[in-house]
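Q: One structure coming up, written as structure tokens, with questions to follow.
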């Protein structure tokens, strides 16, 4: 992977085909049009600790675990969605997924207006893709299941603190040492190490974006 640093500082980032969204350590929200090589971030009103976007909407949660969404191009305004989540994923095909402060798992069919259904299991972080949803638990064990919530959780070998399933053909993740791994979908645990260090990452198409331990921003390609 050829990494390019993007100007700016973010603690969490999400990528879509046309936009990057992120939040900084002060929970301020920023938007940049892809590919964002120049780092021309626009601050968006509001305060969020985590964001995730699909082609149409960006979703996020604030320090009180309140849930918000708005159009991915930054138009309109934040709309509150009922429920409480510490982490939300909008990238899953047909479903919003999230986990709450007790690591309980929820899904909601798009366009979600708060009709959450609890899904069995416990995960601390989750990310949806085209056919599967991927997540990690408090022990950094890795799981996947069909993105519509059918079937059951299947453990994938390996250990990650954060995973992204939104890439086209690969799953990406980072471990407790901020080492970066990739695995060809649907991924049964054949992880290969990527150069670099990231604490959080997200993927769109064949592009991966992420932030490191000092909130520097990077993208592949």
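Backbone N, Cα and C define each Cβ position, glycine as well.
These figures come from a predicted structure and were not determined experimentally.
Just lifted these from Swiss-Prot, have a look:
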REPEAT    1-38  repeat '1'
REGION    1-221  region '6 X approximate tandem repeats'
DISULFID  32-36  disulfide bond
REPEAT    39-75  repeat '2'
REPEAT    76-113  repeat '3'
DISULFID  108-112  disulfide bond
REPEAT    114-150  repeat '4'
REPEAT    151-188  repeat '5'
DISULFID  183-187  disulfide bond
REPEAT    189-221  repeat '6'
Q: Do the repeat '1' (1-38) and the repeat '6' (189-221) share at least 3 Cβ pairs under 8 Å, sequence separation 6 or more?
A: yes
Q: Out of the disulfide-bonded residues 108, 112, 183, 187, give me the one sitting nearest to residue 36 (disulfide bond) by CA distance.
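A: Minimum Cα distance from residue 36 (disulfide bond) across 108, 112, 183, 187 lands on 183.
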Q: Apart from its near flanks, which chain residues at least 6 from the ends of the repeat '6' (189-221) lie with a Cβ under 8 angstroms of it?
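A: Distant Cβ neighbours of the repeat '6' (189-221) are 1-17, 20, 22, 24-25, 35-36, 39, 52, 91, 127, 142, 156-158, 162, 164, 166-170, 172-174, 177-183.
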Q: Calculate the distance in Å between the alpha carbons (Cα) of residue 112 (disulfide bond) and residue 32 (disulfide bond), and round it to a whole number.
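A: If we compare the Cα positions of residue 112 (disulfide bond) and residue 32 (disulfide bond), the gap is 25 Å.
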Q: From the Cα of residue 32 (disulfide bond) across to the Cα of residue 187 (disulfide bond), what is the distance in angstrom?
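A: It is 30 Å, counting Cα to Cα.
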Q: Looking at Cβ-Cβ distances, which residues of the chain lie under 8 angstroms from residue 32 (disulfide bond) while being 6 or more apart from it?
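A: Result: 6, 8, 19, 20, 22, 39, 40, 41, 42.
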Q: For the C-alpha pair, I'd like the distance in angstrom between residue 183 (disulfide bond) and residue 108 (disulfide bond), rounded off.
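A: Taking the Cα atoms only, residue 183 (disulfide bond) lies 27 Å from residue 108 (disulfide bond).
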Q: For the repeat '2' (39-75), what does DSSP give as the number of helix, strand and coil residues?
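A: Computed counts for the repeat '2' (39-75) are 0 helix, 17 strand, 20 coil.
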Q: Relative to the Cβ of residue 108 (disulfide bond), which residues of the same chain, six or more apart in sequence, are found under 8 Å away?
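A: Listed in sequence order: 95, 96, 98, 114, 115, 116, 117.
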Q: Using DSSP, tally how many residues of the repeat '3' (76-113) sit in helix, strand and coil.
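A: The repeat '3' (76-113) comes out at 0 helix, 17 strand, 21 coil.
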